[in-house]
Amino acid sequence: MSTTAPQKFEFQAEIKQLLDIVIHSLYTEKEIFIRELVSNASDALEKLRHLQLTEKEIYDDKLELEINVTTDDKAKTITLQDFGVGMTRAELIENLGTIAHSGSKAFLKALGEGGQKNTNLIGQFGVGFYSAFMVAKSVKVYSHSWRLNEPGHVWTSDGSGSYEVEPSEGERRGTKIVIELKDDCGDFAEDWKVKEILERYSAFVSFPINLNGKRVNTIQALWLRNKKEIKDEEYTAFYKFQTHAAEEPRLRLHFSADAPLSINALVFVPKENTEKLGFARLEPAVALYCRKVLIDARPKDLLPEWLRFLKGVVDSEDIPLNISRETMQDKALIDKLNKVITKRFIKFLDEEAQNHPEAFNEFYGEFGIFLKEGAALDFAHKDQLVKLLRFESSLTEKGKTTTLADYVSRMPAEQKDIFYLIGPNRAAIESGPYLEAFKARNLEVLFCYESVDEYVMNNVREFDGKKLTAADHADVKLSDLPQPEGALSEDDVKALTKWMQETLGQRVADVKASDRLVDSPVLALNADKFTSPHMRRMMKAMNKDGVDSPLRVNLEINPRHTIIKRLSASHIAEPEKAQLIAEQLLDNALISAGLLEDASAMVARLNKLLETV
Ligand SMILES: Nc1ncnc2c1ncn2[C@@H]1O[C@H](COP(=O)(O)OP(=O)(O)OP(=O)(O)O)[C@@H](O)[C@H]1O
């Protein structure tokens with residue numbers, strides 16, 4: 001048969017099935033057809049660039065390697081033209097009439113497994129060239145191969161089961177796809193609409209994209225360039241473009257890997273942690289690209305939750321372009337990417353901590369809470385993350401911090417646990433009664449000021465084989481100190497604690513002499529093993545059930561303290577005043593523990609006590 005007359009072909013059965021679904025699905029994100037066609041155009045240009053290195057004779061060789069998109073809002077058409085490799089007649093038939101590409105095959109396979117009800121699968125795969133039929137009444141593909149002696153052809157179809165191919169005179173090299181839009185898809189013939197879509201999906205495509213004669217993509221895909229050749233200003237400009245930030249980034253990591261996956265990543269830590277400022281929980285903002293084409297701007301599982309503060313781009317050639325923006329089909333692949341990037345980012349933080357401790361500490365002050373979250377919840381990375389945690393301690397200056405490893409290196413041989421205290425700030429912890437027993441025994445205590453710290457410490461549980469232990473926990477056993485002179489006798493202590501127990505009634509579970517107290521008269525330890533003082537405070541604040549029960553504490557008294565000695569001497573002779581003092585001592589202990597829940601009785605009591613002076 002002559003090849004000059006139009007020739008009609010039936011689509012392969014699978015393509016018919018595919019087209020039927022593409023056309024009839026109510027898939028909402030129709031706009032992705034632009035991404036798919038631009039991506040095909042970019043591939044065709046890339047292939048041509050390679051051919052130019054090896055081939056002497058290329059048809060229409062002077063053409064710019066660019067993509068031109070034009071819209072006609074009167075005729076309701078959109079046209080995408082590239083000056084890439086183009087297709088011969090045989091290639092048009094082979095590539096556009098039979099099921100060639102892997103995405104469509106995977107789509108049909110998944111469809112076969114789930115039946116027709118799975119038509120929404122189309123959103124999960126993308127179907128390359130055929131996505132044009134989501135919006136098209138008809139599609140014309142004009143193409144001229146790069147080969148000199150191949151004439152140009154036009155491929156035409158309305159997607160209903162057959163297509164035609166006929167010669168077309170005067171074609172430039174490459175491919176021009178003219179889409180006559182369906183009536184309800186007229187938007188895609190509007191310049192502003194197409195501009196927005198191109199900017200979103202194709203901003204970094206390496207060939208110029210012109211829309212109605214105007215260049216759309218001007219930013220380079222920085223992440224694919226050699227980092228030695230990139231200036232700081234370029235990184236900053238890219239960061240600002242990508243994140244719409246006004247400020248420079250705080251830290252950046254640019255890396256590539258070939259195994260186990262091919263990855264190019266450029267991620268940034270912003271200046272500020274907006275969650276800390278009270279803004280909403282951050283959403284994932286490291287976009288996933290495949291060879292410069294956007295796959296998903298906010299992929300959910302690309303990074304662990306605790307890395308949600310990172311911004312930037314991850315590009316992997318291993319990702320099939322038709323993976324969806326909505327649901328990542330290839331979970332195993334995303335998991336692999338997640339592992340590689342997380343591991344690399346933790347290593348980067350480790351290096352920062354070693355090489356730029358000041359910058360790291362500033363970062364930690366702003367974003368440390370995310371590392372804590374990771375240490376508590378990300379089991380796979382817990383061990384590495386715990387090493388990055390920093391705390392003030394009883395041995396650091398105010399504002400200076402220690403690592404757990406350094407703490408352990410300072411531990412005396414007989415110390416088994418790593419001790420910590422939770423409090424609103426350094427002054428509160430230092431002036432409280434809990435620290436003094438540890439100080440007297442030269443035991444270092446970590447200071448924790450953030451509300452998540454208790455949760456973190458409970459989840460982390462141990463470091464380097466040493467248990468993390470709250471220093472205000474009733475179970476902590478400390479070594480004996482030499483008894484100073486002038487303490488109450490054992491009998492006096494017995495009598496006083498018995499009397500206090502009776503006097504304070506339900507408010508205390510137990511009263512006993514303390515081996516912890518050095519300078520303070522009393523100390524309250526939580527009698528409830530399961531709800532720490534800090535947890536109780538938080539639960540109260542959140543109005544949680546189970547904290548309505550009256551608080552009961554173990555009260556410890558210091559038999560060497562003047563107030564206690566006086567109380568011992570006077571409680572029989574002046575029972576009324578002694579009762580006021582005992583109650584006030586309990587309230588003082590509760591204040592130090594952050595457990596005083598109702599201060600109203602205290603004022604009246606203090607006034608009464610003052611009257612006795
Ligand atoms: N603009 C173009 N220039 C040259 N060849 C093209 C062009 N568009 C499509 N093709 C050819 O048609 C084939 C089928 O395209 P289609 O978009 O369906 O799948 P694909 O591009 O191979 O796969 P994927 O979309 O997964 O990358 C391509 O492999 C390519 O050979």
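Any Cβ shown, glycine's included, is placed from N, Cα and C.
Predicted, not measured: the structure shown is a model, and the values here were computed from it.
TrEMBL lists 1-325 with the feature region 'A'. Under the heading ATP binding site, TrEMBL lists E36, N40, D82, M87, N95, 102-103, 124-129, T175, R325. Per TrEMBL, the feature region 'C' maps to 538-613.
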Summary of DSSP states over the region 'C' (538-613), given as helix, strand and coil counts: 43 helix, 5 strand, 28 coil
Same chain, 6+ residues apart, C-beta under 8 Å of the C-beta of F129 (ATP binding site), given in sequence order: E36, L37, N40, N95, L96
Among D82, N95, V127, F129, the binding-site residues whose C-beta sits under 6 Å from ligand 1: D82, N95, F129
Those residues of the chain, 6+ apart, with a Cβ under 8 Å from that of D82 (ATP binding site): A41, S42, A44, L45, E66, I67, N68, G174, T175, K176, F207
Site of maximum Cβ density within 10 Å, from binding-site residues E36, N95, V127: V127
